[in-house]
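What follows is a single structure, written as structure tokens, with notes after it.
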């Protein structure tokens, strides 16, 4: 159980939610493990299939507390909320601001500035742990210049262009971060549709997992994941999810891929070449990544903005909540997630 930003996160899959008077009660196998007054929270997010009592659902509706159900893996299932909940106004503000060029540009700068900074932080951490590397040092300097240019950009197209330059530089030295299996995992830069090597196959797969979690998070906080600020709108494209996952790609995705290879938890035998589909993972390879992904999400960090312990799996939800607060003007700016 965690309470962050007035939100109760119930992360125990076997938990059942009920009410006792004006209290939310969390039980596992009919044993109470937690309770909190309904007036102390704004929403409940539960990861599991046990559900909640009708009495609790009415209590939440009567007190304007939204109740969101996710699978244990974080996939969005459904949401219950009372008729007076203010999500209509929040979404109206989201739609209006997405069409406001200066507002969209401001958020685009934050998303991509954070992405580039996190690229740089991963490279700096590698140097700190493994010694100097001139090529990586040069890219760190280039990324710093790219970030400064992003913050001074005058259009979203300029932001996208600089983002592309930064990504090319970063992935140009990505293979130097491999400590083991270098001959098997050859990487010459980012490619996709189809991925031409095992690392690109892994990156694309993990990025999809991040995007799915971010979509669930945005649905949970009442934002429309299909209306973004930087990524162009297309039918069926979760543009806001793609916007918001930018700052999380390096920390959640790239580090996981590097860890699996460097620790030899995954090998080249977990990939096969499949005609026009390029390099694809075997079933065992997918299981290895999914298992590592779920274990990674259980780890805890100190969130740089909240200054509180947060499980890594909740990062998309915390960032989505912070964006919603910015859109509602509850906070002055959106605090992008930056790793150390």
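Glycine residues also receive a Cβ, built from the backbone N, Cα and C atoms like all the rest.
Annotations in TrEMBL come from automatic prediction, not curation.
In TrEMBL this protein carries:
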- 163, 231, 246: Mn(2+) binding site (BINDING)
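Overlay of TrEMBL feature records on the structure.
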residue : record              : contacts (Cβ under 8 Å, 6+ apart)
163     : Mn(2+) binding site : 112, 115, 116, 150
231     : Mn(2+) binding site : 237, 239, 240, 242, 243
246     : Mn(2+) binding site : 111, 112, 114, 115, 230
Open item on the list: For the Mn(2+) site (163, 231, 246), what does the 8 A shell look like? I mean other same-chain residues with CB within 8 A of the CB centroid.
Closed with: 108, 111, 112, 115, 159, 160, 230, 242, 243
Open item on the list: Using DSSP and collapsing to three states, where does residue 246 (Mn(2+) binding site) fall: helix, strand or coil?
Closed with: helix
